[in-house]
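What Swiss-Prot records for this protein:
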- 98-220: domain 'MPN' (DOMAIN)
- His169, His171, Asp182: Zn(2+) binding site (BINDING)
- 169-182: motif 'JAMM motif' (MOTIF)
Amino acid sequence: MDNVVLMPREKLLASGAESLTDQELLAIFLRTGIKGMPVMQLSQEVLNGFGSLRELLSADLATFCRMKGLGQTQFIQLQASKEMTKRYLAQQMQVRENINEPYLAVMCFQAELESEEREVFMVMFLDNQNRLIKKEKMFYGTINQATVYPREIIKEALKCNAAAIIVAHNHPSGNCTPSESDRALTKKLEMACDLVGIRFVDHIVVGKGDYFSFEEEKFR
């Protein structure tokens, strides 16, 4: 077996997947190279071609298959891996006693929203122990913005007897810096929640491989 392939695998077993570079992770996924190109070289070529791991994971079938060394089989495997990750995060949130750890909500929102090509506004509804009741993509917009109606969020929260909410939306541009309208919306949502006794936990803006948390900003 190709030693170049084994090196990332051995590194993963010794130090965990988080110790691997994007190139090494992709090499494990690809398993083998192509004629005249070892798998580590191929994985770097693929990353260079797409610009980032995120762009690779977000590519449609036609774009994906235009890259040398990639085909329909790899595309199917990648989509299945992405979906398993989403479901794992959702199930983690369902079985945990609460969502007191901010990173868990962030990871779930990133998995759901990072690859969206238009703005999507999503809400997590929690009970009084911060356990997830449900999560829902409530508003869809254009590449620049999504129109959000606080009253609809409150109506849904009351309908499912939520004691708290966490909201998030993505910036398709990749820049997670909140706009003035994002800040204004956050204030409106906080006020609307306060009026009906629902706790507003956080508003998270999802970018490319990064995020902004209004709650975390208070402690900076």
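Note: Cβ is positioned from N, Cα and C throughout, glycine not excepted.
For the domain 'MPN' (98-220), the model's pLDDT averages out at 90. For Asp182 (Zn(2+) binding site), the same-chain residues 6+ apart in sequence whose C-beta sits under 8 angstroms from its C-beta are His169, His203, Val205. With a cut-off of 8 Å between CB atoms and residues at least 6 apart in sequence, the same chain places Glu119, Thr177, Val205, Val206, Gly207 near His171 (Zn(2+) binding site), listed in sequence order.
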